[in-house]
Amino acid sequence: ALRLEGGRSRCEGRVELEQEGTWGTVCDDGWDLADADVVCRQLGCGRAVRAPGGAAFGRGRGPILRDELGCRGHERHLWQCPAAAEHDCSHKEDAGVVCSEHQEWRLSGGRDGCAGRVEVFFRGVWSTVCNSTWYEAEATVLCRSLGCGDALQRPSFGHTLPGKMVYLCGSLQPSLAQCRWAFNKSAPCYQSWAAGVVCNGTGS
């Protein structure tokens, strides 16, 4: 079994694997994108866009189960990759991964982090969001997931980034990634503007 912990979605976080009923971590010695690619693919999270070490997602607990991993990137499971028999690591060296199917959001150009043009990090790039289905539900889901309260206004902007994402939330989901979404499909974004939002909370 394999999982990512401490991230903002199931496709980002500290790499943890289970061995004989115990969960443990992977040391970042030799940790690179080829190793991270195997993790992302095994979890159905696309490919790796970053492979941070140094306990970027917090320190794990339990044993350190892999060190000096040498995946070539095509392996179906992380435990098929060669690794050192012994480790000389501590949890401050826990390996992490950000996969391409992870989505994170930011509001740019506003007075703080709770207002502005909606931008989504997905498949390794920042993209804008089309306002063709940007209604109260979608704006509220985003404001709440950013810790910014509820949506006050939904201003429109020009698209400034190459990619375009569209969201459609039938209900108030925990995050936009759990709503219906489509990336770089021209039809729903035809002649649309970039979505914006002003939330009633204030950002850091």
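Glycine is no exception: its Cβ is also placed from the backbone N, Cα and C atoms.
The disulfide bond annotation in TrEMBL covers CYS71-CYS81, CYS169-CYS179. Residues or ranges marked as domain 'SRCR' by TrEMBL: 2-100, 105-200.
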So, by DSSP, how many helix, strand and coil residues make up the domain 'SRCR' (2-100)? 16 helix, 30 strand, 53 coil
Rounded inter-Cα distance in Å - CYS81 (disulfide bond), CYS179 (disulfide bond): 35
Mean pLDDT for the domain 'SRCR' (105-200), rounded to an integer? 95
Under 8 Å Cβ-Cβ from CYS169 (disulfide bond), six or more apart in the same chain: what's there? ALA137, GLU138, VAL141, LEU176, CYS179, ARG180
For the domain 'SRCR' (105-200), what are the DSSP-based totals of helix, strand and coil residues? 20 helix, 39 strand, 37 coil
Just going by other Cβ atoms within 10 Å, which of the disulfide-bonded residues CYS71, CYS81, CYS179 has the emptiest spot? CYS81
